[in-house]
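Peer 1: I am attaching a structure below and will ask some questions about it afterwards.
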Amino acid sequence: MRNGGEIGIIGLAVMGQNLALNFARHGFRVCVYNRTPERTEGFLRDRVRDEPIIPAYTLEEFVRCLERPRRILLMVQAGSAVDQVIEALLPLLEPGDLVMDGGNSHYADTERRMQNLAAHGIRFLGVGISGGEKGALLGPSIMPGGSAEAYAMVEHMFIRIAAQSEEGPCCAYMGRGGAGHYVKMVHNAIEYAFMQGIAEAYDFMKTALGMPVEAIAETFERWNEGALNAFLTELAARVLRYRDPESGDPLVERIMDRAEQKGTGRWAAQSALELGVPAPTLTVAVIARTLSYFKTDRERIGAGFPWPDQRLGPFSEGVLADLEAALNLMLLAAFSQGLWLLHEASRVYSYGTDRAEVLRVWRAGCIIRARWLGFLREIVREDPEDPHLLFSARFRAELQQRLPAAGRVLRWAFEAGVPMPALSTAVDYVLSMRRSRLPANLIQAQRDAFGAHTYERIDRPGVFHTEWLD
Ligand code: ATR
């Protein structure tokens, strides 16, 4: 149909609305549909001016409004809603049409939907989209996965609406099957770790150093000028600076210390465990959120568990430099774990993911955008088949130069009673990965002693069992 919609969006919550406006402001004709018509009406009334946005109030009308082959982007709540919408759409679609899921769906669900739709000749892409509300409107980071032919149907559109970085548009094909959602999941896991690290640094400055919130904000601002330059560093400073209009106090100090989560971080940790990839910093960031939730339990336990909670004595600027180095090390460890996980997932699930492209797409628009990404991409490009950033001498040097500072911070944190799970797992990760010999030999001996699980030796080949207790 000429002059029909070039893309259709189902689901007009904030992300759906903003993506519709973004496509339309780049000149694409957009058809929109939402289950509850009032939301569509409100969108048209409050936000649409002269953008080429065409509303539909039934799915039939919506499907008719689109050019063929159709391109349909679902922006509905992740989970069963996606299946329900697909089921309702299916009888209305024709072979060659493309359905995309732009929500935070689990990669296994994406594979299942892809296969089900393929049986009807319908193409499907799982599209990770990061950048929050603002990113959706002004330029998100877009991570599409599925068949390359399906991606070719929308590449020209996604590239236009994506964030632009000095390395090109922040959209690239992430690989086959559920690769797009897998990459987005790993992005979110790194986001969890980065936010946890930032929160630990804030706690350290507040509790161990006794710094006022303004000084902490200023410190993040300064860090944002250097190696830690990143959206989340800047955001931490801005959030810390915000004052509660009622009390005039920093609002952050009045917020309940119970962190929520929607699942992507947990899925990444589960996937890492399933694939046998050690990702302790990504995992502990999920655990720290879960632990935070037990506020009343913590209060009860803390009341009966005195600890010095000692504020460190007068401190020099050197302490803050150490903390900055420690946070950088934590972030590098998180990226290292995330990229190893992506490497292994791509191998096991045959995604064919190009991690240099992943890092390029994360360069702008997304929540984990950071100065480090350019460097990390260079490292990956040096040897794309290496699972580890740690195989690179340049990467190791960045860790090594920060390790003593990170160790000092952990010692001070212990004295002051400040838990730093993300930082301590990052340090453990680096220390473990550089050890050619770990104490796993004793574990193997004990396993053999109690369960006859056998062991290997370092001085000769073979599988051995010993009667240890005779
Ligand atoms: P947010 O958290 O920003 O509100 P969300 O919960 O991820 O967004 O997605 C909400 C969107 O999914 C809404 O457009 C919602 O439609 P309604 O406005 O009718 O509630 C849509 N949605 C949720 N479940 C749905 C379903 N079973 N069928 C169709 N759309 C659904």
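In case you wondered, yes, glycine gets a Cβ from its N, Cα and C as well.
Sequence annotations record features per position, and here TrEMBL assigns active site, proton acceptor to Lys184. Per TrEMBL, the feature active site, proton donor maps to Glu191. TrEMBL lists Gly11, Leu12, Ala13, Val14, Met15, Gly16, Asn34, Arg35, Thr36, Val76, Gln77, Ala78, Asn104 with the feature NADP(+) binding site. Residues or ranges marked as substrate binding site in TrEMBL: Asn104, Ser130, Gly131, Gly132, His187, Asn188, Tyr192, Lys262, Arg289, Arg447, His453. Per TrEMBL, the feature domain '6-phosphogluconate dehydrogenase C-terminal' maps to 180-469.
Tell me about the setting of these features in this model.
Peer 2: The secondary structure of Lys184 (active site, proton acceptor), as reduced to three states from DSSP, is helical. Here Lys184 (active site, proton acceptor) comes close to Asn104, Gly128, Ile129, Ser130, Met143, Thr264: these same-chain residues lie at least six apart in sequence, with C-beta atoms under 8 angstroms from its C-beta.
Of all the Cβ atoms in the protein chains shown, 22 others lie within 10 Å of the Cβ of Glu191 (active site, proton donor). According to DSSP, Glu191 (active site, proton donor) sits within a helical segment.
The secondary structure of Thr36 (NADP(+) binding site), as reduced to three states from DSSP, is coil rather than helix or strand.
Residue density at Tyr192 (substrate binding site): 28 other Cβ atoms are found within 10 A of its Cβ, drawing on all protein chains shown.
The average pLDDT computed for the domain '6-phosphogluconate dehydrogenase C-terminal' (180-469) is 97.
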Peer 1: Using Cα coordinates, what distance in whole Å links Ala13 (NADP(+) binding site) and Gly131 (substrate binding site)?
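Peer 2: Answer for this pair: 15 Å between alpha carbons.
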Peer 1: Within its own chain, what residues at least 6 apart in sequence put their Cβ under 8 Å from the Cβ of Arg289 (substrate binding site), listed in sequence order?
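Peer 2: The list for Arg289 (substrate binding site) reads Tyr192, Gln196, Ala259, Glu260, Gln261, Gly265, given in order along the sequence.
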Peer 1: Does Met15 (NADP(+) binding site) have same-chain partners at least 6 apart in sequence with Cβ under 8 Å from its own Cβ, and which are they?
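Peer 2: Long-range Cβ contacts: Met75, Gly102, Ile129, Glu133, Ala136.
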Peer 1: Look at each of the binding-site residues, Asn34, Thr36, Gln77, Asn104, and point out the one with the fewest other Cβ atoms around it within 10 Å.
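Peer 2: Ranked by other Cβ atoms within 10 Å, the binding-site residues Asn34, Thr36, Gln77, Asn104 bottom out at Thr36.
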Peer 1: Which binding-site residues of Gly11, Asn34, Thr36, Gly131 contact ligand 1 in the sense of C-beta under 6 Å?
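Peer 2: Cβ under 6 Å from ligand 1: Gly11, Asn34, Thr36.
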Peer 1: Sequence gap of 6 or more, C-beta under 8 Å: which same-chain residues meet both conditions with respect to His187 (substrate binding site)?
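Peer 2: The list for His187 (substrate binding site) reads Gly128, Ser130, Ser141, Met143, Gly338, Trp362, Cys366, Ile367, Ile368, given in order along the sequence.
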Peer 1: Which one is closest to Thr36 (NADP(+) binding site) in space, judged by CA to CA distance, out of the recorded positions Gly131, Glu191, His453?
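Peer 2: If we rank Gly131, Glu191, His453 by Cα distance to Thr36 (NADP(+) binding site), first place goes to Gly131.
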